[in-house]
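To start, the structure itself, in C-alpha cells.
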C-alpha cells in the first residue's frame, strides 16, 4: 500500500565526512536547478568561480570553513574538469553570493565522485566567506618539477608556480629567494640572460596571491642550474609558516624588449611635464613607492626627462592616481646629481611591501606650457562662479587644501576672479571632485584685504601639505546673473514626484545640498511644511537616497522642530556661520518623502515585497511608505513577525522563518522600521507594534527577511511529524490552510485508530495514542479535546478536531509474510511497542496517563518491560 508522503522529516546527512543538520520539507513547484548539481559563478573563465550547490531546487553557496584542495578536487571532478590541479579559493574572492549558504565545514578526502548537498544554512558563516575553486581542463597534467608564470602582464613575468603531485603550487618568499633563484626559473622556461639583463626576483605577493598548496621554500640556486629541481631545496611543502601573501615572482629577460631597464615615464598628468613616475625593468612598467621620495628624487626624474630640475616638486600618496601591476622601486635615495633615477640607491627591485596608494609622482618646471604664476581658477562647477579652487605655481595648476580655508579666504579668491566677494562661501572636502597633481597650498589664512590668494599667509613652502585630494577646497562666489532662487528656498530633486527627493537649499543664487548628519523626522517635517505639505508622516531619508548631488553642501547638523520652525534655515542659530560648514560628502546628502495622495506612487502605504531570495517564497522584507520602498532592522524580529509577513503576501504562515543580518543581501536607501512586536494574528505587518530606528542604531547589514511556504494542505488533512518512521509521530491537522497540533485531552486508542486509518495504515488496528508531546512540541494547538466513535472513517468526523501523538506499530520484520501487525502487549503498567525495523522493542508507561520511555535501547522480549 502506498502511504502518504511524509511532509516533515528531521535527519542528518553525511557530506564528505561532515555531519550536518538537514531539513527535508515540501518545496515550491518550479525548481530552478537539479538536485545535487554544482555550478561556478562569477569567474573569469568557466573553470573558476564561486561554488554554488543545488538543494531542493534552490542554488546556495558553500562556507569556506575547512575548505581545501580535496574539496576543490571533488567539485572540479563533478563539473567535468580535471581533479588534478584543482585549487581552493577562500574569502568570497569571486564576490559574495546571496540567499542561502547550504554547506559548511565540508570535509572531502578528494576521491568522492560528487557533492551531496544539505539545505540547512550554517549559523556561523556570512557570504564574505563563500568558497570558490580554480579547475583545470580535462587532460591537464603537469610533471613534477614543471614551472609556470601566472598573473604577469606578459609571458616574461608573473607568480612562480611549481608542479608536484600533478598539481601546481606556489613558492614561499623566505630570506633565501633571490635573483639567482629567479634566473633558474627563467632558464627552465627558456628565457636565458640577454645583453640587456638577467632575471629579477620579485618579492612575495606582487603578482597576486596564489591558491592551493605552497610547495617549496628555502631554495638555494647558483643561477646556472637548468631547472629548480637541480637546486638545493632546504624545505618542501612549506605551508606551516608561509601564506600566499608571500608567493614569489620573477621578471625574466625578454629577447625583444619594448623598453630598456631603468627607463622612466610620467603617467596621468594633465601635461607631459607632470604625472605618476613609472620605471621599466625586463619589459614591465611599474611604479615607485613614495617611501623616501623627496625633492632630490624629483629633480633627478625631471633632469632625466629633459625638464629643468630646479623647482621640481615631489608628489606622494598617489596624487596622480594609483597605478596597477608591479611596484618596482622603493626607498630611492638620490643625491640630486644623478643623470637618471636608476643610478640612485634603492632597496632592490620589488623587494618591499607598498601599495598603489603610495605611488610617487613629480611636477617638473615647464615654461612652454606654463600658466601665470599666482593665477586662480574654479574647476568642475556647473557655472563660472563655483568649483574646485586651483592655483598656478611653477607653470602648473594645483589645488588648495581645505585645512583652515574659510569664507574670508574664499572672498579673496572671488575678488581676484573679478566676482563679488561679499557672501563668498568656502566649501570643503573636494565637493567638485578631487584634483590631480600637486597640492600647492595648505592652512591658508587671509585677512580679507588681499587682492590675490598668493598674498595671503600660508606656512611652509609652496607644495608642502599634509593633505590628500579628498580635502581640496572649493568656492561658491555670489552671482550677478538673473536670480535663480532666494536664500533659504528649498526644493526636492530626483524623487518620483514633487513630494519626494533630495533636499536642496539656495544660497548666493545657487542650489546646494544638506548633509544627513543628525537628519531625522523633525527636519523632514519642517522641509515638507515649508513646501506646503502636511508635515505628519514625513520620512527623513539618508545616504543620498535619491542620488548624490553636485556642487556645494550648504548645511549640516540640522536641528528642526515643526512646532518651532517653519523653514529649514530657521533651524540654525546662526545661518551665516552655518552655511558651508560641514564634514560631509555627497554620498551623505539628505532626502525627504512628504505625505501626499500621489497618483504616480508605484506602491501603497504598507505594501510588502521580498527581494534577494532564490525563489518568490523568500527574501529581504521591504515595506512601502509614501511611495518609497524601505527595509526593516533586525531588533526583535522573530517567528510571529515572519508569519504576519507571509500571511500578508498570501503565502502560508506554517513554518514561516524569520531571517536576520542581511542574509538576503543588504538593501539600499531607507531603513524604515525597527522593533516589530507581532502576535502572529495580525492581518498586515503595520498592524503590529513597531518603531522608527534611531540614527546610527541600524545598518543594512541588519536587514531582515523571511522564508515562507505555499499553502500545502486542505482543511481536515492530517500528517505525522517528527517521528522516526513514516508510521509514527506527532499528529497534526490542517485548518485554515495550515497545520496545527491539539491538546491530548480525551485522545485515546479509538481516535488513534481512526487517524491511522485516514493515513492509509491497514484498518487502524493496534494504533497507540501517546500523550504529553511524546514526539516533541509542534505548531500551535488548534483544539482542546477530540472524541471519536469506532465508526468514524476520518478524524474530521470527531466531535471536535484532532491532534496529538500517535504511533501505529510496525510489521515485524522477522514475519515478513504476516498480514497483520503485532499487537502491543500489556505488562503490568507498561506497554511494549515494536517500533524499529530491526525488531527492537521500546516500553511505554501507561500507569498515570504519562507517556514515558521505560527502555530506549533494544530489548529481546516484551517481558523485559515488566518492572
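Each residue, glycine too, has its Cβ placed from N, Cα and C.
Note that the structure is predicted; figures quoted are calculated from it, not measured.
According to TrEMBL, the feature signal peptide maps to 1-25.
If you look up TrEMBL, you'll see 38-136 (among others) marked as domain 'SRCR'.
Feature annotation from TrEMBL assigns domain 'SRCR' to 147-253 (among others).
Positions annotated as disulfide bond by TrEMBL: 221-231 (among others). Residues near residue 221 (disulfide bond) in space but far in sequence (CB under 8 A, at least 6 apart, same chain), listed by position: 180, 181, 183, 184, 228, 230, 231, 232.
Per TrEMBL, domain 'SRCR' is recorded for 264-365 (among others).
According to TrEMBL, the disulfide bond annotation covers 334-344 (among others). Neighbours of residue 334 (disulfide bond), defined as other CB atoms within 10 A of its CB across all chains, total 22.
Per TrEMBL, the feature domain 'SRCR' maps to 376-478 (among others). Secondary structure by DSSP for the domain 'SRCR' (376-478): 16 helix, 31 strand, 56 coil.
Sequence annotations record features per position, and here TrEMBL assigns disulfide bond to 446-456 (among others). Long-range Cβ contacts of residue 456 (disulfide bond) within its own chain (separation 6+, distance under 8 Å): 409, 412, 444, 445, 446, 447, 450.
Residues annotated as domain 'SRCR' in TrEMBL: 490-595 (among others).
Residues or ranges marked as domain 'SRCR' in TrEMBL: 608-709 (among others). Residue counts for the domain 'SRCR' (608-709) under DSSP, helix first, then strand, then coil, are 16 helix, 43 strand, 43 coil.
Taken from TrEMBL, the feature disulfide bond applies to 678-688 (among others). Remark: residue 678 (disulfide bond) has 640, 641, 643, 644, 685, 688, 689 as non-local neighbours, by Cβ distance under 8 Å and separation of at least 6 in sequence.
If you look up TrEMBL, you'll see 718-789 (among others) marked as domain 'SRCR'.
If you look up TrEMBL, you'll see 724-783 marked as domain 'Rhodanese'.
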Between 0 and 100, where does the mean pLDDT of the domain 'SRCR' (718-789) sit? 74
Ordered by sequence, the long-range same-chain Cβ contacts of residue 344 (disulfide bond) under 8 Å (at least 6 apart) are 297, 300, 332, 333, 334, 335, 338
The correct DSSP tally for the domain 'SRCR' (264-365) reads 16 helix, 28 strand, 58 coil
List the helix, strand and coil residue totals of the domain 'SRCR' (490-595) as derived from DSSP. 21 helix, 29 strand, 56 coil
Within 10 angstroms of the C-beta of residue 231 (disulfide bond), what count of other C-beta atoms is obtained when all protein chains are considered? 19
